[in-house]
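What follows is a single structure, and I will ask about it in a moment.
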Amino acid sequence: MLLETLAEPVAATGMFTLAWTMIAVPLVMAGLLLLAGKLTDRWGHLAATAAVLWSFAIAACLFGEQLMRPAAERAVENHVYTWFTVGPWNFEVTLLIDQLSILFALLITGVGSLIHVYSIGYMAHDDRRRRFFAYLNLFIAAMLILVLANNYIVLFLGWEGVGLASYLLISFWQHKPTAAAAGTKAFVMNRVGDLGLLMAMGTMLAMFGSTSFADVNAGAAQLQPFWATAMGLFLLLAACGKSAQVPLQAWLLDAMEGPTPVSALIHAATMVTAGVYLVVRSHAVFEAAPTAQLAVVVVGTVTLLAGAWIGTSQDDIKKVLAGSTMSQIGYMMLAAGIGPAGYAFAIFHLLTHGFFKANMFLGAGSVMHGMNDDVNMRHYGGLSKAMRVTFLTFAMGYLAIIGFPFFAGYFSKDHIIEAAFADNFFIGLCALIGAGVTAFYMTRLMLMTFFGEKRWLKGVHPHESPKVMTIPLIILALFSIFAGLLMNWWIQTWLEPAVGNHAHEVSLIPTPVGLATLLVVALGVAGAWMVFGRKPIPATAPQTSNPITIAGRNVLFGDQVNNFLFVGPTKVVARTADAADAQGIDKAVDGAGHAFAGLSTQLRRLQTGYTRNYALTMLWGVLIVGAVLILGQLG
Amino acid sequence: MNPENYLILAALLFAIGAVGVLVRRNALIAFLCVELMLNACNLALVAGSHITGGLDGQVASFFVMVVAASEVVVGLAIIVSIYKTRRSTSVDDANLLKL
């Protein structure tokens with residue numbers, strides 16, 4: 001129903017022919033830093049930052065050029081080279097720079113640049129800093145491949161690339177067993193999701209003979225419902241893995257073991273948002289499969305509430321933010337599942353979330369920097385005076401995420417809640433509750449970190465971070481304030497050619513749903529103040545019999561469930577296979593070997609070296625052969 | 001005369017030769033016994049040829065004689081060289097080629 005609004009991409013001209021350098025420059029820089037070794041130790045971080053700034057500059061130029069073009073010519077295809085040809089299938093590496101992918105490219109390179117700059121300060125004392133920047137560049141390049149691809153195969157290349165880069169970065173401090181385990185966990189759980197994408201691609205090749213977005217979008221409408229649903233569910237599985245949605249969410253909180261800029265990059269700008277991108281990009285498939293669409297909405301809603309729940313009871317500042325990411329991505333998935341009404345809002349929220357979540361993660365990094373890398377919020381308190389800039393910028397992110405009027409999140413989240421109510425009252429209600437819980441746990445985080453009494457450990461002297469860290473914070477804080485206002489009236493029209501038309505009136509005056517949201521948010525803030533603002537925070541988490549808190553502290557027992565359902569049975573299977581290998585196969589093979597060895601020892605005895613012995617053997621042989629012949633004649 | 005008698009004689013000669021190879025240690029005697037067995041074969045071939053009335057057996061016996069002559073050349077040379085190095089022609093002393 002919306003396909004007629006999709007404009008055919010035009011061939012690349014002018015600046016657009018340089019689009020590939022957006023990917024190539026960081027990629028080559030990553031390779032250089034990794035291969036050149038210690039030679040680049042002194043300037044590697046600066047070169048890596050420059051590489052991302054280059055990508056950002058290109059993205060900005062392309063965006064500017066797109067803005068000047070008429071809407072029909074904004075989507076540009078840039079053919080790079082033919083990857084390989086198999087039978088009737090031809091796999092091309094082609095970049096698609098359209099209204100959707102350019103926004104992603106801007107977010108990835110823009111926020112990515114700020115994170116690079118910030119990391120110069122944050123990682124200043126790490127002796128493996130060069131390596132860290134190489135991995136960051138690899139991440140940026142992989143993510144750009146993911147969003148700029150014009151077909152699923154090339155997208156998959158980037159998809160796996162971010163998986164690899166996230167593994168390297170999450171387990172960057174590999175000398176810590178927890179970090180190594182967290183990296184492995186993220187990697188393995190992502191592979192489960194990747195299986196979904198592989199199966200989706202297989203289905204596409206079988207159905208359409210092509211994986212390019214254009215062919216899939218064009219073919220989806222004629223697809224049999226069964227195959228459309230299967231394809232949609234496979235894509236959803238892929239999105240769940242990458243975006244840490246229930247049931248593949250367990251890796252996200254552990255991923256906090258990585259350096260904080262990594263968390264900001266993964267959560268705000270890159271990997272975790274890839275699932276939402278995938279669903280929005282494949283919208284034609286989902287529109288042909290209402291069941292899959294419903295599944296997306298359910299997954300989004302469940303994750304939105306689960307993430308918020310986890311956020312309410314974690315004491316680790318980064319884990320609160322990680323739970324919050326899950327929850328916000330849940331909002332985006334929910335919006336993407338609603339259908340045409342939600343696509344633009346999903347992307348809108350993704351962009352504003354990119355800004356304020358990067359802001360808050362980097363702010364949390366700044367706090368950790370001042371607190372000797374302590375992440376336990378129970379050891380914070382009263383930091384608003386000690387770290388003025390960090391506090392103020394973090395507060396902007398806080399106001400944006402809870403949806404304080406006219407901050408970035410206010411626009412994007414309210415639109416999603418409105419769209420959810422328009423779709424289904426129950427889903428809308430869940431989204432509304434989610435907004436309240438978000439306000440509750442974020443207020444808790446603010447109160448525990450920046451307000452109240454000092455609960456600092458001995459020997460900790462909080463101080464403001466250097467300028468190289470605070471300036472990115474300030475820029476992100478400005479975006480956290482204004483990004484929503486900036487894009488509110490523009491993003492729907494802008495994205496219309498890429499994701500379809502869906503008129504949704506937006507205005508500054510709150511709708512009834514918007515007013516209800518504000519009320520719920522206010523209730524959340526007040527609730528948090530009642531619980532955490534009025535009395536001192538104990539230095540250790542108090543014992544509680546509240547099942548909600550216990551479940552939240554244990555991350556909703558996700559690890560236990562996974563252990564019980566998957567890890568345990570897999571271990572049993574593996575042990576059985578190992579035992580069968582050792583007891584059965586090894587013994588059989590060894591036994592055969594021993595049997596032949598014994599037989600040959602016996603046979604060796606016949607080789608005496610005495611001529612007459614051999615002659616006797618031959619005679620026996622002749623006699624036996626003769627006897628057989630004669631008896632055969634007689635018979 | 002009944003041609004089968006020739007075959008019986010050939011069998012006897014072969015048996016004598018075989019027993020000789022098995023029981024005598026002297027390489028020269030063993031060699032003579034091998035010749036005896038070859039001759040027994042030749043006798044059987046010629047007798048068989050006579051019985052069937054063809055020339056196949058005669059031709060085969062001719063080949064056996066050629067092979068036997070060649071064998072004597074090689075075999076005697078080996079025996080002589082063994083005797084030169086070991087001062088003995090006992091076949092049991094020369095068992096170095098076993099595994």
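Just so you know, glycine gets a Cβ as well, placed from its N, Cα and C.
Curation plays no part in TrEMBL annotations; they are all automatic predictions.
Okay, these came from TrEMBL:
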- A:12-36: transmembrane segment (TRANSMEM)
- A:43-63: transmembrane segment (TRANSMEM)
- A:83-133: domain 'NADH-Ubiquinone oxidoreductase (complex I) chain 5 N-terminal' (DOMAIN)
- A:100-120: transmembrane segment (TRANSMEM)
- A:132-159: transmembrane segment (TRANSMEM)
- A:149-435: domain 'NADH:quinone oxidoreductase/Mrp antiporter transmembrane' (DOMAIN)
- A:195-214: transmembrane segment (TRANSMEM)
- A:226-244: transmembrane segment (TRANSMEM)
- A:292-311: transmembrane segment (TRANSMEM)
- A:331-351: transmembrane segment (TRANSMEM)
- A:424-447: transmembrane segment (TRANSMEM)
- A:441-530: domain 'NADH dehydrogenase subunit 5 C-terminal' (DOMAIN)
- A:468-491: transmembrane segment (TRANSMEM)
- A:511-532: transmembrane segment (TRANSMEM)
- A:614-634: transmembrane segment (TRANSMEM)
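For each listed feature, how buried is it and what is near it?
Same-chain residues lying 6 or more positions outside the transmembrane segment (A:43-63) and placing a CB less than 8 Å from one of its CB atoms are 15-16, 18-19, 21-23, 25-26, 28-30, 32-33, 76, 97, 102, 105-106, 109-110, 112-113, 116-117, 119-120, 123, 129-130, 133-134, 136-137, 140, 144.
Confidence across the domain 'NADH-Ubiquinone oxidoreductase (complex I) chain 5 N-terminal' (A:83-133), taken as the mean pLDDT and rounded to a whole number, stands at 90.
Sequence-remote contacts of a segment are chain residues at least 6 beyond its ends whose Cβ falls under 8 Å from one of its Cβ atoms, and for the transmembrane segment (A:100-120) they are 22, 45-46, 48-49, 52-53, 55-56, 59-60, 62-63, 66, 132-133, 136, 139-140, 143-144, 147-148, 259, 261, 264-265, 268-270, 273, 277, 280-281, 347, 350-351, 354-355, 358, 362, 365, 468-469, 471-473, 475-476, 494-495, 498-499.
If you look at the transmembrane segment (A:132-159), the same-chain residues 6 or more away from its ends with a CB under 8 A from one of its CBs are 9, 19, 22-24, 26-27, 29-31, 33-34, 44-45, 48-49, 51-52, 55, 77, 83, 91-97, 101, 104-105, 108-109, 112, 115-116, 119, 123, 126, 165-166, 168-169, 172, 194, 197-198, 200-201, 204, 210-214, 216, 238, 242, 259, 261-262, 265, 269-271, 274, 277-278.
Through the fold, the transmembrane segment (A:195-214) approaches residues 8-9, 88-89, 91-92, 94, 96, 150-153, 156, 159, 223, 227, 230-231, 233-241, 278, 281 of its own chain, all at least 6 residues removed from its boundaries and within a Cβ separation under 8 Å.
Residues 159, 162-163, 189-197, 199-200, 203-204, 207, 220, 251-252, 271-276, 278-279, 282, 285-286, 288-289, 291-293, 295-296, 299, 303, 325-326, 329, 333 of the same chain lie 6+ residues outside the transmembrane segment (A:226-244) yet bring a C-beta within less than 8 angstroms of a C-beta in it.
Remote same-chain partners of the transmembrane segment (A:292-311), defined as residues 6 or more beyond its termini with a Cβ less than 8 Å from a stretch Cβ, comprise 228-229, 231-233, 235-236, 239-240, 244-246, 249, 253, 279, 285-286, 319-320, 323-339, 423-424, 427, 430-431, 433-434, 437-438, 441-442, 548, 551-552, 555-556.
If one looks beyond the transmembrane segment (A:424-447) by at least 6 residues along the same chain, the residues whose Cβ comes under 8 Å of a Cβ in the stretch are 297, 301, 304-305, 308-309, 311-312, 317, 320-321, 323-324, 327-328, 330-331, 334, 377, 394-395, 398, 401-403, 413, 416-418, 513, 516-517, 520-525, 527-529, 531-533.
Using a Cβ-Cβ cut-off under 8 Å and counting only residues 6 or more beyond its ends in the same chain, the transmembrane segment (A:511-532) has close neighbours at 402-405, 413-414, 417-418, 421, 428, 432-433, 435-441, 443-444, 447-448.
Long-range contacts of the transmembrane segment (A:614-634) within the same chain, counting only residues at least 6 positions beyond its ends with a Cβ under 8 Å from a Cβ of the stretch, are 606, 608.
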Report, as numbers and ranges, which residues of the same chain sit near the transmembrane segment (A:468-491): CB under 8 Å and 6 or more residues beyond its ends.
111, 114-115, 117-118, 120-122, 344, 347-348, 351-352, 355-356, 358-359, 362-363, 365-366, 369, 389-390, 392-394, 396-397, 399-400, 406-412, 506
